[in-house]
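Visitor: Feature list, courtesy of TrEMBL:
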- 42-518: domain 'Major facilitator superfamily (MFS) profile' (DOMAIN)
- 41-64: transmembrane segment (TRANSMEM)
- 136-155: transmembrane segment (TRANSMEM)
- 196-214: transmembrane segment (TRANSMEM)
- 226-246: transmembrane segment (TRANSMEM)
- 266-289: transmembrane segment (TRANSMEM)
- 309-327: transmembrane segment (TRANSMEM)
- 339-358: transmembrane segment (TRANSMEM)
- 364-389: transmembrane segment (TRANSMEM)
- 401-424: transmembrane segment (TRANSMEM)
- 430-450: transmembrane segment (TRANSMEM)
Amino acid sequence: MDGEGGSFRLAKSAAVKLSEMGERTKQLGSAMRDPHQQKRIILVIVCVALLLDNMLYMVIVPIIPDYLADLESEQSEHVHLVLHSNTSSANSTNQDNINKDNLDIQIGVLFASKAILQLLVNPLSGTFIDRVGYDIPLLIGLTVMFVSTCIFAFAENYATLFVARSLQGLGSAFADTSGFAMIADKYTEEAERSRALGISLAFISFGSLVAPPFGGVLYEFAGKRVPFIVLASVCLVDGVLLLTVIKPFSNRTRENMPVGTPIYRLMIDPYIAVVAGALTMANIPLAFLEPTIANWMETTMHSTQWEMGLTWLPAFFPHVLGVYITVKLAAKNPHLQWFYGALGMVIIGASSCTVPACKTFGQLIAPLCGICFGIALVDTALLPTLAFLVDVRHVSVYGSVYAIADISYSIAYAMGPIVAGQIVHNLGFVQLNLGMGLVNVLYAPALLLLRNVCQMKPSYSERDNLLDEAPQGLYDTIKMEEVRAKKKGYSSAGNCLSVDENGFDSFRAQESSGPEYT
C-alpha cells in the first residue's frame, strides 16, 4: 500500500508539474502573439547578436598576437638554433626583427580580413535581405558566426584562424544588416525607433569594450578555447530563441513583400551618401587608434600591460551617456538630428587632435572618452535618419540602406589595421591624429544638407490616411499599394514606387500635392 501510495503521489506531482509547464507555455505563446512583447523579444535577440559580433571582433585582440607569437616561435625554433650556431649575433638579431615585422603584418591582415569580407559581401546581403525579409538572414548570420567561433576555438595554425576571421565577416554582413533593418521595421515611430537603435548601439559598445578584458582573463587562466566556446554557446542560444520566437521558415508574409529600392540607387541618393560618409569619418579615429595606440603608449608613457589592456574600457560610460542624451534630445527636437551628428563629429575631431598631447594614462582617458562620446552622438542621430530617408524617399524596406551603413563601418575598420600602422611609420602618430581630427571637423558642415529632412513628411500622413490600422513598417507599402490599386481600379503588380518616383525631388512633390503635411 505504501508503494502504491508513493507511486500515486509521484504521478500526481508529475501531472501538476506538466500542467504548470503547459500554463507557462500558453502564457509564453500569448506573450509572443502580443505585438509589443514580440517587439521587445526581437530587440533582445538583435541586441545579443550585435553584442556577440562585436565581442568576437575584439576578443581576439589580447589572444591572437600572443598565440601567433607562440606558434611562430615553435615553428622557427629549429631555424633559430641553426642561425645561432652558424651566424653572428648581429645577423640573428636582424632575423628576429624580420620575423617580428612579418608577425605584425600577419596580425594586421588577420584583424582586417573580417571587415574586408564584410565590405565585399554587404551589397549582396542587403539585396538578399530586401528580397527574403529580415529573419532568415539573421538566422544565417548567427549560424555562420557560430561556426566561425567554433573554428576559432580549435584552430591551430594561421590559415585556419584566417578562415575563421573571414567567416565572421560573412556572418556579420547578414546579422548586423538584418538586425538593424528588423529594428527599423518593427519600430515605426521616430522616437521609438531612435530609442531601440540606441539600445542596440549600447550593446555594440559594451561588446567592443568588454571583450578584450574578457578574452584576456579567460585566455590567461583557462586557455585559448574557453572564450570562444562561451561565445559560441551564447550564439547558439540566441539562434534557438530566434527560431522559437520569430519562426522564420513558417512566415509566409515575405511572398507579398514589396521590391525594395536597389542599393545602387540608395548609394547615389545625396542625403544617404552624406550620412554614410559621416558614419565612416566618425569611426576612422577609433578604427585607426585601436591597432596603434598600445605601441605609442608603451613608447611615450612606458605604460604597463594592464594600462594598455584597459585603455578603452572607461570610454564605455561616455558612449552610453552619449546614446542616452541623443535619444532624449531627438525625442524633443527630431528636426535637429543633423546638428547632433555634426556636433559629435566636431567633438571627435577635437578629441583626436588632443590625444598626442597626453603624457600620462590618466590624461589619455579624457580624449578617448571624448571620441567615444562623439561617435555615440553621430551613430545614434544618423542611423534612425537612414530609415526615415528610406521611408519618405524610397520603399520602406531597410535591408539595403543598413547594408550601406555597414559598408561605411567596414571601410573604416578594414583600413585601420593595415593603413594606420603605415601612416604612423611614415608620418608619425601625431600627424595621424591631427589628420583624423581635421577630416572630422571639415566634414561636419556637410550634415547641413540634412537640416530640412524633417520636412519630408508626406509619406507618414499618406500612410495614416490610406491604412485602416496602425503602421507595420515593412508591410505598410504592401497595404498602401493595395488601397491605391482599389482606388485607381487596377491590381498592384508588387513593384512599389517611392513617394516620388525618382527618389530625389521630395520637396517639389510635396508642393504639387496640394495641402502641406506635417
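Indices start at 1 and increase along the chain as displayed.
Here the Cβ of each residue, glycine as well, is placed from N, Cα and C on the backbone.
Predicted, not measured: the structure shown is a model, and the values here were computed from it.
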Visitor: Quick one: do the transmembrane segment (266-289) and the transmembrane segment (339-358) reach 3+ CB pairs under 8 Å, ignoring pairs fewer than 6 apart in sequence?
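Guide: Touching, yes - the transmembrane segment (266-289) and the transmembrane segment (339-358) meet the threshold of 3 or more Cβ pairs under 8 Å.
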Visitor: Tell me whether the transmembrane segment (364-389) sits in contact with the transmembrane segment (196-214), defined here as at least 3 Cβ pairs under 8 Å among residues 6 or more apart in sequence.
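Guide: Counting Cβ pairs under 8 Å (6 or more apart in sequence), the transmembrane segment (364-389) reaches the transmembrane segment (196-214), since there are 3 or more.
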Visitor: State the mean pLDDT for the domain 'Major facilitator superfamily (MFS) profile' (42-518).
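Guide: Result for the domain 'Major facilitator superfamily (MFS) profile' (42-518): average pLDDT 79.
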Visitor: The transmembrane segment (41-64): which same-chain residues, six or more beyond its ends, come within Cβ distance under 8 Å?
Guide: 31-32, 107, 110-111, 114, 138, 141-142, 145, 148-149, 152, 161, 165, 168, 171-172, 175-176, 179-180, 182-183, 186, 196, 199-200, 203-204, 206-216, 219, 224, 227-228, 231, 234-235, 238, 241-242, 245-246, 290, 309
Visitor: Grab the same-chain neighbours of the transmembrane segment (401-424) for me: Cβ-Cβ under 8 Å, and only residues 6 or more beyond its ends, written as numbers and ranges.
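Guide: Same-chain contacts beyond the flanks: 104, 107-109, 111-112, 114-116, 118-119, 122-123, 125-127, 129, 172-173, 176-177, 180-181, 184, 263, 266-267, 272, 275-277, 279-280, 283-284, 286-292, 295-296, 383, 386-387, 389-390, 394, 431-432, 435.
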Visitor: Could you pull out which residues elsewhere in the chain have a CB under 8 Å from any CB of the transmembrane segment (196-214), counting only those six or more residues past its ends?
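Guide: Distant Cβ neighbours of the transmembrane segment (196-214) are 43, 46-48, 50-59, 61-62, 179-180, 183-184, 186-187, 227, 309-310, 312-313, 315-316, 319-320, 323-324, 326-327, 372, 376, 379-380, 383-384.
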Visitor: Excluding the flanking five residues on each side, which residues at least 6 beyond the ends of the transmembrane segment (339-358) place their CB within less than 8 Å of a CB in that stretch?
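Guide: Residues packing against the transmembrane segment (339-358) from afar: 278, 281-282, 285, 289, 293, 301, 322, 326, 329-330, 364, 366-371, 373-378, 380-382, 385, 429-430, 433-434, 436-441, 443-445, 447-448, 450-451.
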